[in-house]
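*Asks:* Taken from Swiss-Prot, the feature cob(II)alamin binding site applies to ARG57, CYS97, ASP134, SER139, ASP140, ARG141, SER152, ASN155, ILE158, LEU169, SER216, CYS240, ASP241, supported by experimental evidence. As annotated by Swiss-Prot, active site, proton donor applies to ASP134. Annotated domain '4Fe-4S ferredoxin-type' per Swiss-Prot: 178-208, in sequence order, evidence recorded as sequence analysis. According to Swiss-Prot, the [4Fe-4S] cluster 1 binding site annotation covers CYS188, CYS191, CYS194, CYS247. The [4Fe-4S] cluster 2 binding site feature in Swiss-Prot is assigned to CYS198, CYS214, CYS240, CYS243; the stated evidence is experimental evidence. The tRNA binding site feature in Swiss-Prot is assigned to GLN220, LYS222, ASN280, ARG281, ARG295, LYS297, LYS298. Residues or ranges marked as repeat 'HEAT-like PBS-type' in Swiss-Prot: 333-357.
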Amino acid sequence: MNVYQLKEELIEYAKSIGVDKIGFTTADTFDSLKDRLILQESLGYLSGFEEPDIEKRVTPKLLLPKAKSIVAIALAYPSRMKDAPRSTRTERRGIFCRASWGKDYHDVLREKLDLLEDFLKSKHEDIRTKSMVDTGELSDRAVAERAGIGFSAKNCMITTPEYGSYVYLAEMITNIPFEPDVPIEDMCGSCTKCLDACPTGALVNPGQLNAQRCISFLTQTKGFLPDEFRTKIGNRLYGCDTCQTVCPLNKGKDFHLHPEMEPDPEIAKPLLKPLLAISNREFKEKFGHVSGSWRGKKPIQRNAILALAHFKDASALPELTELMHKDPRPVIRGTAAWAIGKIGDPAYAEELEKALEKEKDEEAKLEIEKGIELLKASGMTKQGLS
């Protein structure tokens, strides 16, 4: 088997099936990543969504015996939405991050990886592979960086010269000894715009993220959102793009190369109030094909409530009151009560008191009390201004 020729053939085949960038690296242990992960774990900075076994995250040969190399791929996704609908005072909208526009990228990249695997295995019967995207054991970003796809920027995103950081990543471990590519140089320079712009200070240092403070992570949690973050997520329903949109290296980067990644504006920027009463079936039918649906409707509904509070949308108060009184989920009842207080209409004070009297869940009860205090504070402020 001529490995050099096979590499060139694989590169050409990858282009033909719509892979925007491909790179190669060894299957050696990711030693520097191991040190970083141990540090992040000790600081409590991990999200909890990662593979818990650090050795598996840094040792490809634990995942594929006799592994010799890793093939990394990247697909560029759009950064701008065509005909994006606007929020109005009576029809407020939320936003899904760009990585949740169009068809779930996990499915898109798995399809590409399957084709690449089949291509290689058609060349020789002894070829072995193991592929993964996002939810696999390896760090997609660490592999992509070492394979020369892009460099790891201060916002922790893999940034490519061609497409900026608007790329999806995946990789395939193989027993073929492909010649590794050369990593590219860091292009951040002295710029710190991403660190300065992060709404929650999650980027604690250049290249170091406290995932527990990252809005992208927080929008995916299912419990009560900590108080300090509630006013910072704005109208984000899933994910956050701030550290990407402020990056100078992303300026002018907007690629519409894959039709399946094009966003439906009514899904990527949905109306908020209809989300409050959406059924499981309706949610699955409308949002089930996008990556932002993977945690179910509860986090999206909670975030929609917080977004309505962010807008101080008084037109949503009847729906929020209905949730506070009747929703079976304490997180939704409590968050709705907090939002009612945040919106600040004194006419709803009695509804909050009624809810507090009958509420049995201690956490939800605490949120109702917060709503009452917010409403009182709002009334005092209005009196002071009058």
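In case you wondered, yes, glycine gets a Cβ from its N, Cα and C as well.
Thinking about packing and proximity, how do these listed features fit into the structure?
*Replies:* Around the Cβ of ARG57 (cob(II)alamin binding site), 21 further Cβ atoms fall within 10 Å across all displayed protein chains. When secondary structure is read from DSSP and collapsed to three states, ARG57 (cob(II)alamin binding site) falls in the helix class.
The Cβ neighbour count for ASP134 (cob(II)alamin binding site), using a 10 Å radius and every protein chain shown, is 15.
Among residues of the same chain six or more beyond the domain '4Fe-4S ferredoxin-type' (178-208), those with a C-beta under 8 A of the stretch's C-beta atoms are 3-4, 6-7, 23-26, 40, 45, 68-69, 71, 145-148, 150-156, 159, 161, 214-215, 218, 228-229, 232-234, 240, 242-244, 246-249.
DSSP assigns CYS188 ([4Fe-4S] cluster 1 binding site) to coil in the three-state reduction, placing it in neither a helix nor a strand. If you take the C-beta of CYS188 ([4Fe-4S] cluster 1 binding site) and look for same-chain residues 6 or more apart in sequence within under 8 angstroms, you find PHE151, ALA153, LYS154, PRO206, LEU249.
Sequence-distant neighbours of CYS243 ([4Fe-4S] cluster 2 binding site) (same chain, 6+ residues apart, CB-CB distance under 8 A): ASN155, MET157, CYS194, ALA197, CYS198, LEU203.
All protein chains included, LYS297 (tRNA binding site) registers 19 other Cβ atoms within 10 Å of its own Cβ. The secondary structure of LYS297 (tRNA binding site), as reduced to three states from DSSP, is helical.
Per DSSP, the repeat 'HEAT-like PBS-type' (333-357) is made up of 23 helix, 0 strand, 2 coil.
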*Asks:* What's the CA-CA gap between LYS222 (tRNA binding site) and ASP140 (cob(II)alamin binding site) in angstrom, rounded?
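*Replies:* With distance taken Cα to Cα, ASP140 (cob(II)alamin binding site) is 25 Å from LYS222 (tRNA binding site).
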*Asks:* Fewest other C-beta atoms within 10 angstroms of its own C-beta: which of the binding-site residues CYS191, CYS194, CYS198, CYS240 fits that?
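*Replies:* Comparing Cβ neighbour counts within 10 Å for the binding-site residues CYS191, CYS194, CYS198, CYS240 gives CYS191.
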*Asks:* What are the DSSP helix, strand and coil residue counts for the domain '4Fe-4S ferredoxin-type' (178-208)?
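*Replies:* For that range the per-state counts are 5 helix, 4 strand, 22 coil.
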*Asks:* Using DSSP reduced to three states, classify ILE158 (cob(II)alamin binding site) as helix, strand or coil.
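*Replies:* In the DSSP reduction, ILE158 (cob(II)alamin binding site) maps to strand.
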*Asks:* Rounded to an integer, what is the Cα-Cα distance in Å between LYS298 (tRNA binding site) and SER216 (cob(II)alamin binding site)?
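*Replies:* If we compare the Cα positions of LYS298 (tRNA binding site) and SER216 (cob(II)alamin binding site), the gap is 16 Å.
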*Asks:* Can you name the residues of this chain that are 6 or more positions from SER216 (cob(II)alamin binding site) yet have a C-beta less than 8 Å from its C-beta?
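*Replies:* For SER216 (cob(II)alamin binding site), the qualifying residues are CYS97, GLY239, CYS240.
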